[in-house]
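*Asks:* Sharing a structure, written as structure tokens. Questions coming.
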């Protein structure tokens with residue numbers, strides 16, 4: 001339309017439909033997040049990640065450039081850390097599911113359900129960690145490191161000799 005021509009008194013206005021943006025994390029249409037279903041659906045990613053990790057390891061062996069080698073080493077470390085974190089989360093989930101199953105069994109038998117406190121769960125987790133370290137034979141070194149750390153903390157908490 002020309003800008004010089006006057007606008008008619010009864011003009012037709014076409015309304016433009018506005019796009020509605022929605023975030024699937026908070027939208028009810030996307031369903032409910034269930035970690036078990038998510039892990040089953042995207043389990044193929046684990047194999048892809050494993051292949052990528054092997055590729056990075058091969059690349060690391062071939063690489064001669066120190067900067068590139070350092071970057072690849074950081075990438076490999078990050079991948080292994082992510083893998084360990086995922087395994088740890090999976091163990092936690094399995095432990096919680098087993099506790100829930102036990103509670104259901106007790107409820108079926110007619111007993112009152114007993115839910116563990118956070119502190120009790122932490123104690124169980126710590127006991128499991130110690131058992132795992134004992135199996136692998138790394139318990140003594142772990143305890144030595146912990147003792148050293150605590151000794152340093154205690155030393156910092158004590159008043160300095162200058163003040164006495």
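Each Cβ is built from the backbone N, Cα and C atoms, and glycine gets one as well.
As annotated in TrEMBL:
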type: COILED; residues: 49-136; note: coiled coil
type: REGION; residues: 138-164; note: region 'Disordered'
type: COMPBIAS; residues: 144-164; note: compositional bias 'Basic residues'
*Asks:* Determine how many residues of the compositional bias 'Basic residues' (144-164) DSSP places in helix, in strand and in coil.
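*Replies:* Split into helix, strand and coil, the compositional bias 'Basic residues' (144-164) gives 17 helix, 0 strand, 4 coil.
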*Asks:* Any idea what the model's mean pLDDT is for the coiled coil (49-136)?
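*Replies:* 92, rounded to a whole number.
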